[in-house]
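Feature annotations, courtesy of TrEMBL:
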- 606-641: domain 'Cationic amino acid transporter C-terminal' (DOMAIN)
- 48-67: transmembrane segment (TRANSMEM)
- 79-100: transmembrane segment (TRANSMEM)
- 112-132: transmembrane segment (TRANSMEM)
- 201-221: transmembrane segment (TRANSMEM)
- 233-255: transmembrane segment (TRANSMEM)
- 276-303: transmembrane segment (TRANSMEM)
- 323-343: transmembrane segment (TRANSMEM)
- 364-387: transmembrane segment (TRANSMEM)
- 393-416: transmembrane segment (TRANSMEM)
- 552-569: transmembrane segment (TRANSMEM)
- 575-594: transmembrane segment (TRANSMEM)
- 606-627: transmembrane segment (TRANSMEM)
Amino acid sequence: MKFSIPTPGGGRGLALFSKLIRTKDLRKLQEEDPSSTKPKLTKCLTTLDLTSLGVGSCCGTGMYLVAGMVARNIAGPGVVLSFFIAAVASIFSGACYAEFGVRVPHTSGSAYMYSYVSVGEFVAFVIGWNMILEYLIGTSACACALSASFDSLSGGFIGRSIAASVGTIFGRPPDFIAFGITLVMTCILALGASKSVLFNNVLNTVNLASWVFILTAGLFYVDTNTWTEHEGFLPFGWSGVFTGAATCFYAFIGFDIIATTGEEAHNPQKSIPKAIVGSLVIVLIVYVTSSFILTLVVPYDHIDSGSALVQMWTYVGAPKCRALVAIGATAGLSVAMFGSMFPMPRVIYAMAQDGLVFRHLAQLWARTGVPGIATIGSGIAASLVALTVQLEVLVEMMSIGTLLAYTLVSTCVLILRYQPHSTSLVDLLPAQLRTPQPPSTPDPSVQQRVKTNVMVKKITRGSPDSDDSFGEESPEGFMGRDDQFLVSDRSENKFYGAVHGAPQGSSNPFSLWGCDAIGRKVQQYSYLCPGLFPWVKAGPATHETGMYVTKLVGLMYVCIFLLDLFMAVGLTGTFFALAYTVLVFSIITILIVISRQPQNRYALSFLTPGLPFIPTIAITVNIYLIFKLSILTLVRFTVWM
C-alpha cells in the first residue's frame with residue numbers, strides 16, 4: 001500500500017515543501033576539493049586559539065557580573081553549587097556540539113550548518129537568524145556594560161554630560177561610548193582572523209591574570225565566618241541554589257563560537273571537541289574559585305551585585321587591588337564582547353554562500369581573508385543597537401536564540417545516532433516529500449530496507465570475502481560511505497551499541513586527551529552489565545528501529561514540554577504533584593526503551609557519551625530556561641523573526 005499525503009496546490013505545494021526541507025550533502029562538506037574556485041576562509045586557528053575564544057566569550061560577564069548578582073539576590077554562598085549544576089547542563093550541550101563539529105567539519109556557521117545538514121533549509125534559515133540575533137544582542141550588551149563601567153569610574157559624569165547636551169532616545173541618553181567601542185572592535189575584526197585572535201589572546205591573558213590575582217590576594221582576606229554567621233551557607237535554601245543555576249547557565253553560553261570556526265581551524269575534527277570541552281572546564285574552574293573567594297571575603301548580603309569582584313576590595317579597604325581588578329574586568333568584558341562579534345559575520349557568510357541572505361555578504365577580502373561586507377555591516381548594526389537600546393532589554397533577549405539552537409543540536413544528535421544510514425532527519429519522511437533526486441540516484445529508503453535483509457558478516461581484509469575497494473589512502477574516520485562494517489583493519493568493529501565488548505577505535509573520547517588507558521578501563525566496565533544481562537538489542541540499526549526511536553523522541557518531547565511548562569509556571573498542589581510524578585516516570589521509561597535500541601556505525605573521532613540521557617538532560621534544561629524568559633522577550637523575538 002502506497003503512502004500519499006495531499007498537499008495544497010498539487011505539484012507546486014509539493015515542490016515548495018521539498019525546497020523547504022532540502023538538506024546539504026554531508027559528503028561534499030567533508031571532502032575538500034582542491035580544484036574548487038570557491039573562496040575559502042583562511043585556515044589559521046589552532047586548538048589553543050579555539051579554546052581561548054571559548055574561554056573569552058564566557059569568562060567576562062560571568063565572573064564579574066553574574067557571580068555577584070546570584071550570590072547577593074538568589075543563592076548566597078550557594079552560588080558555588082549553582083555554578084556546578086549549570087556547568088553540568090552546559091557541558092551536556094557542549095558534548096552534542098562537539099559531535100556535530102566532527103560530523104560536519106570544514107564549515108562555518110555552527111548550529112546553522114548542522115541544522116542545514118540534518119533538518120533542512122527552512123529550519124536552518126530560522127536557526128541562522130536566531131544566532132545572528134544572539135550575537136548582535138550579546139555584542140551590544142557587552143558594549144553597554146563596558147560603557148557603564150567607564151561611566152561609574154567617572155562618577156556618572158559622562159552620562160550626565162551626554163544627557164545635558166543631547167537629550168534622551170527611548171527614555172535614556174544615547175550611549176556614544178558603546179557606539180565607539182563597537183566600531184573599534186569591528187575594525188579589529190576586519191584585520192583578519194589571525195590578528196583578531198591574537199588580540200583576543202592578549203585580552204584573555206590579562207583577564208586570567210586578574211583571576212589569579214583575585215585568588216592569591218583574596219586569600220589574605222578570607223573569613224570563614226561569612227559562611228556560618230550570616231544565615232549559613234544556604235540562606236535561600238536549595239531552591240535558591242537551583243534558581244541560581246538557571247541564571248548561572250547563561251554565564252556558560254558562548255562556547256558555540258568554537259563551532260563557527262570549522263573552516264578556519266587547521267584540524268577541526270580534533271580541535272573543535274577538545275576546545276569545547278576544555279573551555280567549559282576552564283570556565284567552570286574560574287567561576288567556582290572566584291565565587292568561592294568572593295563569598296568568603298564579603299558576606300553575601302554586603303555584595304555589590306553590579307560589580308562584585310571590583311567592589312570587594314573597597315569592602316576590605318584595598319584601593320590598589322581594586323584598581324588592578326578593574327583593569328582585569330575591563331579586559332574580561334572586552335574579550336566577552338569580542339566573543340560575540342567574532343562569529344556573527346561567519347554565520348552571515350555561511351548563509352550568504354547558500355543564498356539565504358544577499359550573496360554579496362559572502363565576498364572575502366583578498367588582503368585579510370575575512371567576509372568584509374558582513375563584518376562591517378554586522379558591526380555597524382551592533383553599534384546602532386548599543387547606541388539606542390537599554391542594557392536590561394538586551395540581556396533579556398540575548399539567550400533565546402542560543403537556547404533554541406542548543407535544543408535543536410541536542411535533538412539531532414539524539415535521533416541521528418539511532419538511524420541506520422541517515423545523516424539527515426529528512427530521510428525519515430516519505431520519498432515523495434523529499435527533494436526530487438536524479439533518475440540515476442536510488443531512493444535511500446529503498447536502499448535501507450534492502451540492506452536490512454542482508455546478513456552481515458565480520459570480514460577482515462585478509463579473508464576471501466573481503467572488499468578492498470577502500471584503499472589504504474582512505475582517511476580514518478571517513479564518513480563518505482555508511483556501510484563501514486566492511487572496512488579495513490584500522491576501523492574494524494565500530495558497532496556503536498550493537499556489539500558488546502568490541503573495540504571502538506578512535507571513537508573513544510578519552511583518546512582526545514591522551515588518556516587511552518583510562519578510556520580502555522572505562523570501556524571494559526561499561527560493557528560488564530550488558531554482557532551479563534544483554535541490554536542493547538543485538539544487530540545493527542535498521543530503518544524500523546530508527547523510526548521507532550524517532551516516535552519515542554516525539555512522545556518524550558511532549559512530556560518534557562509539559563513538565564518544563566508546569567515547573568516554569570510554578571504549579572503546585574496534589575494534582576500537579578501527581579502530574580510531575582507521571583511525567584518524570586514517563587520520560588525515564590522512554591529513555592530506558594530508547595537505550596535498548598542499536599545505534600549506527602559512524603566512525604567518528606568524538607561521540608557524545610551517555611546517549612540518550614545526556615542529550616535529553618540538555619533538551620530539558622534548555623526548554624525550561626526558554627519558558628523562564630519573560631513574555632515581552634518572547635514577543636520581541638517573534639517580531640524579530
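Keep in mind that glycine also has a Cβ here, set from the backbone N, Cα and C atoms.
At the 8 Å Cβ threshold, with sequence separation of at least 6, the transmembrane segment (323-343) comes into contact with the transmembrane segment (48-67) through 3 or more pairs.
Counted with DSSP, the domain 'Cationic amino acid transporter C-terminal' (606-641) comes out as 26 helix, 0 strand, 10 coil. By the Cβ criterion (under 8 Å, sequence separation of 6 or more), the transmembrane segment (201-221) is in contact with the transmembrane segment (48-67), since 3+ such pairs are found. Beyond the transmembrane segment (575-594), the same-chain residues lying 6 or more positions past its ends with a Cβ under 8 Å from any Cβ of the stretch are 418, 549, 552-553, 555-556, 559-560, 562-563, 566-567, 612-613, 616, 620. By the Cβ criterion (distance under 8 Å, sequence gap of 6 or more), the transmembrane segment (233-255) is counted as touching the transmembrane segment (606-627), at least 3 such pairs being found. Mean model confidence for the domain 'Cationic amino acid transporter C-terminal' (606-641) is a pLDDT of 84.
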